[in-house]
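Colleague: Okay, here's the structure, questions in a sec.
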Amino acid sequence: MAVHARTPLSSIFLILALYFLQGMNLGITGSIPLFLIAHGATWKDRGIFNFAFYPFSLKLIWAPLIDALYVKRFGRRKSWLIPIQFSAAVILLFLSFYVESFVENLRVILLAVIFFAIVVLTATQDICVDGLAISLFTATNPQWASTSQTVGQTMGRFMGSSFLLTFESANFTNRFIREPLSITPKESGLFSLQQFVRFAALAFLIVTTCLIFFFREKENLPTADGEKTESLSLTEAYLSIFKLFKKKCIQQLTLVSLLAPMGAVAVNYMTSLALVNQGVPRENLALVSIPVTIVTIVAPLAIRHTESPLRWFAGSYIAYIMTGIPVAAYVYYTPNMISTSYYYPILILLLALNEFCNALRFSAQIGFFAAISEPRIGGTYMTLLVTLHNAGFAIHSTIVLYVANWLPKNYDFVIATGACTIIGIIWLGFSFRTLKWLQEIPTHEWYLLPIQHLDDAVKSNEQGPNDHRASLMADE
């Protein structure tokens, strides 16, 4: 997991741009229910629209297709990225002419179908970009794959959600922009929903055009040991999922991914709802999220050169769950302080600190996933590991939210956060040796390489210059 050479800035900017587009699509999709509710949509309508998000949870089904099937002339990732992103641009451009009419007339099923298609394309693009990032960064600095993903997706989601909802609002722009500048108030924001969707379509077209003309994909894939590997067939790509689970290291990493969220789900899933229940207006919460998002974007840059991502994961994990305690306490006393001048600055500080630690935790864990993923099946490998990570949060969030219904209403968030924190500390105490062992495993042992490649990789390791035993206790 060592850094061999300087990572080209062009590669970093390319992956950032692709993840930004992905995040913007997901942000827009997540914002549509809020526009629907503003026009009288019911909880049933919102439930129907939520089907649009399902493809992201199911993408492991077709991830091996993306790794195995491609046109050699265009390149493994470009063969999929170019048609996918052009298709997304066409759908967004078409949607931009009708989206406001669909929202106003509550055409929920039609919107769900359209955004389902958009999310299918976005999920497929995610598989491609994960694989491309692994190919570009494996031989230089695998942590850049995680950093680019966290920064790019966060910026994109911010643009498609908080930025869109804030500056599309006539009330916000009249009060905070037009009035201070002595501009006549209007019944619309700085831009409309249809204009923003059209902007998203244009962004996809521009980035995809640049991808065609300015990026040339290498045919052979370097491993972390400098070896070059051949592609797998479609059958081999699907079988690779089952072969990976036969590895003891993958089995242990699966347990880590599924159990680690136990300590984090309460503060992760309940904070915003608890603040609203304690009297914080939703529009104020949206404004609070702006500086917090900026912190989230900056945080991953702190570990962009680390050779020991699991060391950072352990430290930021404990910091994340511990900083949840003052957040929960502050939320509990919100009714007594919300009218004071210091309430929101302190709230922003506490949330920013908590999210800073969370961003480090996520970036470190995804960075480790990127470092151990075999480039031949990079999209499938990353999709599998991220799916396990997401499954852990989904399972434990369901349990915690269900149990919270049985807790005293005034103390549910505090009790849930405290209990999860204790569980998280206990889990980390028992799992620290496992994390250290996982970090020390040579990179090639995570691969499904033929035996001759493994022998060459081991010899390369023994020669010294490319030592991939990155100790949990030794970072740069």
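For all residues, glycine too, the Cβ spot is worked out from N, Cα and C.
Curation plays no part in TrEMBL annotations; they are all automatic predictions.
Pulled the feature table from TrEMBL, pasting it below:
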TRANSMEM  12-39  transmembrane segment
TRANSMEM  51-71  transmembrane segment
TRANSMEM  80-99  transmembrane segment
TRANSMEM  111-137  transmembrane segment
TRANSMEM  197-215  transmembrane segment
TRANSMEM  253-273  transmembrane segment
TRANSMEM  285-303  transmembrane segment
TRANSMEM  310-330  transmembrane segment
TRANSMEM  342-360  transmembrane segment
TRANSMEM  381-404  transmembrane segment
TRANSMEM  410-430  transmembrane segment
Colleague: Do any residues of this chain, six or more beyond the ends of the transmembrane segment (253-273), have a C-beta under 8 angstroms from a C-beta of it, and if so which?
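Modeller: Same-chain contacts beyond the flanks: 245, 285, 317, 320-321, 324, 327-328, 331, 351, 354, 358, 361, 365, 385, 388-389, 391-393, 395-397, 399-401, 404, 412-413, 416-417, 419-421, 423-425, 427-428, 431, 434-435, 438.
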Colleague: Let me check one thing: do the transmembrane segment (51-71) and the transmembrane segment (111-137) come into contact, meaning three or more Cβ pairs under 8 Å with sequence separation of at least 6?
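Modeller: Yes, since the transmembrane segment (51-71) and the transmembrane segment (111-137) share at least 3 Cβ pairs closer than 8 Å, they count as touching.
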Colleague: Taking contact to mean three or more C-beta pairs under 8 angstroms, with sequence separation of 6 or more, is the transmembrane segment (410-430) in contact with the transmembrane segment (111-137)?
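Modeller: Answer no, regions not in contact.
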Colleague: Any contact between the transmembrane segment (285-303) and the transmembrane segment (381-404)? By contact I mean 3+ C-beta pairs closer than 8 Å, pairs at least 6 apart along the chain.
Modeller: no
Colleague: In terms of Cβ proximity under 8 Å, which residues at least six beyond the ends of the transmembrane segment (80-99) contact it?
Modeller: 18, 21, 25, 66, 70, 74, 111, 114, 117-118, 121-122, 124-125, 128-129, 132, 193-195, 197-198, 200-202, 204-205, 207-208, 211-212
Colleague: By a Cβ-Cβ criterion of under 8 Å, what residues six or more beyond either terminus of the transmembrane segment (342-360) are in contact with it?
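Modeller: Counting only partners 6 or more residues beyond its ends, the transmembrane segment (342-360) has Cβ contacts under 8 Å with 150, 154, 264, 267-268, 271, 275, 284, 288, 291-292, 295-296, 299-300, 302-303, 312, 315-316, 319-320, 323-324, 326-327, 330, 334.
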Colleague: Using Cβ atoms and a strict cutoff of less than 8 Å, what residues sit near the transmembrane segment (111-137) while being 6 or more residues removed from its termini?
Modeller: 7, 11, 14-15, 18-19, 21-22, 25-26, 29, 32, 36, 48-49, 51-56, 58-59, 62-63, 66-67, 76-77, 80-81, 84-85, 87-88, 91-92, 95, 99, 102-103, 143-145, 148-149, 217-218, 221-222, 370, 373, 375, 378-383, 386
